[in-house]
Each structure stands twice: as structure tokens, then as C-alpha cells.
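Since the structure comes first, as C-alpha cells, the remarks are kept for the end.
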Amino acid sequence: MAESEPLLSRARGSNGRDCPAGSLDCVQVGPGAEARRDLCFEQAVIFIEDAIQYRSINHRMDTRSMWLYRWYYSDTFQWILGFIIFLILFLAFIETPSSFTRTSDVRYRSKPWNPPCGLTESIEALCLLGFATDLSVKSYLVGWPQFRKSLWLVAYLVVLVVSFVDWMVSLSLVCQEPLRLRRLLRPFFLLQNSSMMKKMLKCIRWSLPEMASVVLLLALHLCVFTMLGMLLFTGEKQDDGQDRERLIYFRNLAESLTSLLVLLTTANNPDVMVPAYSKNRAFAIFFIVFTLIGSLFLMNLLTAIIYNQFRGYLLKSIQASLFRKRLGTRAAYEVLSWTAKGEGGPQGVGVRAQDLLHVLQKVQASSTHKQAVMEQVRARGDGLLSADEFQKLFSEFDKSLTKEHPPPPEYQSPFLRSAQFLFGHPYFDYLGNFFVLANLVSICVFLVHDAGILPQDRDDFVLGILNCVFILYYLAEMLLKVFALGLPGYLSYPSNVFDGLLTVILLVLEISTLAVYRFPHPGWKPEMRGLLSLWDMVRLVNMLIVFRFLRIIPSMKLMAVVASTILGLIRNMRAFGGILVVVYYVFAIVGINLFQGVIVAPGNNSLAPNGSAPCGSYEQLDYWANNFDDFAAALVTLWNVMVVNNWQVFLDAYQRYSGPWSKIYFVLWWLVSSVIWINLFLALILENFLHKWDRRGDLQSLSGDEITTVDLLFREVLEEPTEEELMAKLRHHPHLQLCR
């Protein structure tokens, strides 16, 4: 069917004008009616899938394009695309400088294996061709006018062109080029493939002006106290404490700014205060006032501003996602309601139940949710579904439905029924938790008792007997639960699957231990073979039993609030985690280009000969493994700086080894990671927790009927789009025409 045909029309006359309401002459009949009906069903399937996935419906809707569209969003193609993204990002570990060494310590690191020229470049070329295919399909589906309006697609094209040009430059220089620009662009492929990451990035960009105001206030705070410090700790008459303070922390403007910036993160507190404070206690006032204003007031004010702005702008993004969802379902309703009227079914405007059931069978979605919607449709009978009823049906796709467990077996014997009731009772779980606690306590007691005894001098007779007893109980508990619930019912509980798996592992290891070392007896000392003996493996697996206590969390309301907050964070962390991966990747590549090879092993042209390093320095603390000589080492170094514990050591070391301008790199990393990203993470935690806490009296918030999509956080403040807004948007669809 041609693109210009009115696929969303209820009816249209032969002259192409809008049909008058109720005109029977406008009903499309004839040989092509069946084909048009099938096409409308396929369009409805696409629209419903777009709504479920919060995708835009502004794409081509002819038969060939819809087939390509569904193939593009199929699990297979998306898995291939995800693998390509992972592969091109993973190349950083393999490319020169390779991370394939046992250690990153410059003193002990062997010469790494570096791939020959053309190996990683060939893999990269295949990945870029895959991305070119991805861009081509996207561009075709949305059409050229929409492509020009999409900044992400235009940027996608630019990144691909630059990457291909840089790739050809690398091959022409036989992989000896000093800078690979395309490595910095690789995280873009991860960004553009995630709509939620795009929303988060937009929220961060919108929040930057408000964050900049507080950052400027922090900068002013630093400058004022830097000048005060330099004036305070210099002069003609100064004691030893003032002189030490000046020489160590306030020697010049750059050192003073650095010392107070580090103090802002409390990483060098109280070290920075000790030289002056040890001579005169009044000097403590300067540092305490600086910390109160900077760390406790301004930094927390920055957190509050980021939280407020993040919530406001994320609300706008989630509102737009809700609009796309409602628009998709409304478009499906328009298509199917046209079909219902055109086929001469029940009078009025609406969707026939059998048509919707036919469409739902083709929709790629969770079978559980789809079955729930289909059951509701069947319950409504053969009447027409209105637009509101149609929209409400698809709210089921937002819910995590409670899983129904298989019925337990039915026993005829009264004794077996009593035993089934006893071993299926929650108190039997409490007994199991008591044994787990006893097992855990026994292991901890013996670990503490044997901490000061050499392995060859230990007597593990008592602990060996206890382990046998506990493992026999776990085995009996598993078998009794299978008896009470039946094997399908037992396996339907994830906690039982975990417990059963642990029990089988413990049983296998215990049998292996007894086969090798015989039964426990006085003086029983299992030998150490390899990294861990079988006995140590059994004790480590026993420690996993502690996770069984997680099952008691739902029964304790306050713990349940905290636990549900953590689960909500895990579900919504992909976007935040993806942005963090992007930031880490870019800074690691920049760090490699700036600082690769600047850290030299002692005695090999190093600035710090053996034995001459001052206390607390990079060399004295043996921080040699923290460097930028390869990608993996760079990631670990950036992590250590983000934690800001002893990050002044890195500032000092790289200033000495590479120059004073290196501080700009580390301060920028601190701003991006510790200030912006960590505060955004705190904002997400606060929003999840406050939402759960406000609903802590509502059992539904902790039940299996909980809505699990990210817009749950703002569901109570989101505004439902009006019918006029939806219809106006549909009328401006670039590839469809709506005639009413």
C-alpha cells in the first residue's frame, strides 16, 4: 500500500474528502477489503508494541516497512546490536596498550601482549559496519524529514563518518598514530541505543545552570579562604607550626587551592590542620569554619538543588514517555475502530473484542501480561470497547503480576496430610532460619578461634561433625518441602530454588570431602590442596546460607521499605549505570593519552629513588599499580579518585611526574563523578525511598501487583494526556492520515 493512503481513516470517499458522519457509502468494501483489514491489524500490532516499549510511532507504516520495523526491534537483532556495542567498547582492553597482564604495578608488570596491526581494526570495522546498518534502517523507517529533525540520528551519522575516517588514518599509519579520536566516540553508540540514558543526559544538561551557580559559590568560597590562608600562614614573625603549614600546604596559590579543595572533600582532614594546630589551638577555627561552610552547607545545598532539578526535569521526560505510551494505544484504537465499523459489526465507534484478541496474539510482549489483558477482553463480551476502556486494558502491561504457584499434591492418608500441613507451614521456614543462624554462628566462632593457629596445627573435628549435621538437616528440609509442595510447587519459589541449589552443592562437596579425608575424627586436618582445600570450599558455601535470611524482610515493614527501595534502584539503575560507563570510558581514554608511561618504576629514571619517598606520598604508600598505562588500570585509578579517599596523593604524584596542569584533569573528574553523578544517584535513592515511605501503609506497594516501570515514581503527579492532544498529534503523523 502506498505511503500516502489514509491508513487511519475511518472512511473516505472516492474523491479523497472527509466522509460525512454516518455515511454508509464511505464504508470500504470490495476485493481489497480483506487486505486492508489485515494491514490495519498489522498496524495495530506495531502501535501496541510501541506503546508497551514507550517508543515513538512516527515511522513508516506500509507493509514492507512494518516487517522491517518488527525485525529491527526483535530480540535477535537487539541482542546482536547490544553485542556489537559491548564488543567495540571491550576493544579498549585489547588494543595497544593492552590490559592483558597479571598486575598493573609498574615494578612487577611484565611486557604486555599487544595485538598485531589490523586485528582489532578488523573487528572494529565489522562493528562500524553493523552501526552503519543500524543507522540505515533507522533512517529509512523514520523518513528523511524526521531524520533531519533528530539531533541524535544526525550525530550518529557524524560519529560514524569520523570513526571511519580515523580508522582509515590508523591503517595508513600502520597503527602508529599518536591519537585515536574514534576511541573517545565509542561511548556514543551506547548512549544512542538507550532512550532512558538520553532522558537522563537531557536532565543533567538542563540541571547544569542551577548546579553551576552553586559550583561558582564553591569556587568563591575556595578563593576567599585560600587568600585568608596564605595571609594567615605567612609573615615576618611566625612560629614553627605556621612555617610548616606554609611549606606543606600553603606554599603558593596553586598549592593552597589544592589543599583546601581536598579539604572540601575531607580527604586530608585533619592532616592539613595539624602543623598549625599543634602550635596554637586558635588556628583550628580557620579550618573548622571552612569545613562547615563548604562541606556541610554548600555541598549539601548542591545535593538539594540537584535533587530538586533532577526530579523536575525527569518528571518532564517521564511525562513525555507517558504521552508516547498513550499515543501508541490510541493509534491502535483508531486503526481497529475503523476496522470494526468498516466490517459492519456492532453499531457505534469502538473496537470489537475479537479484533483486539486477534491483534494481541501477534503482539511481542510478556506472555503473562498478554494473557491477563486477553482474559479481561474476553470478560467484556462481544460489545465494542470505547477509547477509555481500550486505554485501561493496557495498564496491565505496567504491572508485575503475582505468579500463581502450582497446587500442592493431594494425599489420601490423614497422616500424610498432617505431615504436609506441618512441613508446608511458615513455622517450618522459621525453624530452617534458626538452623541457618546456628550454622553461621558456628562457622564464625571457629574462624575466630582458629585465626591465630596455622592451618597445619588446627583440629577441625568438632566443626566437621557440625557441618555434617547441618548439611543433613538442609537435605531433609529440602526433601520435606518437596513432599509438602510437590516438585513443581517447590521450584516455583525462587528462594527454594536457591536453597535447593546450595544444598546440592554442599552435599556434593561434603561427600567429596569425606571420600578424600574420611569421616571426622580427633586430629582431623584436611590438607591444603591448591588455592582452597575442599574443606575451605565447604565453609565458603556455608556462608552463602546467610542469604536465606532475606526471606524474612517482607514480614518486617521498615526493612521491607528499605529492601523495596534497593530493588527499585536496581531496576532503574541501567540508565545511571550506562552514563557512568560512558563517563568512565571517556576519562579513561583521555587519561591514557595524557599520562601513559609517566609513572616509572623506582630506580628506572623515577623521581623517587628507593627509600627517599616522604611519608604519605604516592611512592611511600606503594600506589604504583594506580596508573594510566592501560585501560583496566585507568578505570581502577579513576575509581580510587572518585572515592576521594587519599585523592590528594594522586594530585601530588601526577603533578610531579607530568606537570601542574594534570590537576585540571583530576579536578574535572572529581566534579563529574563525585559531585554530579553521585548527587544524581542520591536523588534517585531519595525519590525511591520517599515514594516507598509515603506508601508504607499500603500493602500494594510491596505486593506482587506493584507497578515496576520508572514512571511509578511520578505516577501520582503525572497528567494524563487529553483526547484532543492525542488526536492532534495523530493528525500530524508524518506517514499516516487521520480523517476525523
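Cβ atoms here come from the backbone N, Cα and C positions, even for glycine.
No curator has checked TrEMBL annotations; they are predicted automatically.
Straight from TrEMBL, the features:
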type	residues	note
TRANSMEM	76-94	transmembrane segment
DOMAIN	80-310	domain 'Ion transport'
TRANSMEM	151-174	transmembrane segment
TRANSMEM	214-235	transmembrane segment
TRANSMEM	284-307	transmembrane segment
DOMAIN	425-689	domain 'Ion transport'
TRANSMEM	427-449	transmembrane segment
TRANSMEM	461-485	transmembrane segment
TRANSMEM	497-517	transmembrane segment
TRANSMEM	575-599	transmembrane segment
TRANSMEM	664-686	transmembrane segment
Cβ contacts under 8 Å made by the transmembrane segment (76-94) with residues that lie 6+ beyond its boundaries: 100, 115, 120, 123-124, 127-128, 130-131, 134, 183, 186-187, 189-190, 193, 581, 585, 588-589, 630-632
Long-range environment of the transmembrane segment (664-686) - Cβ separation under 8 angstroms, sequence gap at least 6: 200, 204, 211, 215, 261, 265, 299, 302-303, 306-307, 310-311, 565, 569, 572-573, 576, 579-580, 583, 587, 590-591, 594, 638, 641-642, 644, 647, 650-651, 654
Residues of the parent chain within Cβ reach of the transmembrane segment (575-599), under 8 Å, 6 or more residues beyond its termini: 89, 92, 97, 106, 179, 183-184, 186-187, 190-191, 194, 196-197, 199-201, 204, 624, 627-631, 634-635, 637-638, 653-654, 657-658, 662, 665, 669, 672-673, 677, 680-681, 684
For the transmembrane segment (284-307), sequence-distant contacts whose Cβ falls under 8 Å of one of its Cβ atoms, 6 or more beyond its ends: 207, 210-211, 213-215, 217-218, 221-222, 225, 228-229, 232, 260, 263-266, 269-270, 272-273, 277, 675-676, 679-680, 682-683, 686-687
Positions on the same chain near the transmembrane segment (461-485), where near means CB under 8 A and six or more residues out: 405, 408, 419-424, 428, 432, 435, 438-439, 442-443, 446, 493, 496, 499-500, 502-503, 506-507, 510, 520-524, 535, 538-539, 542, 545
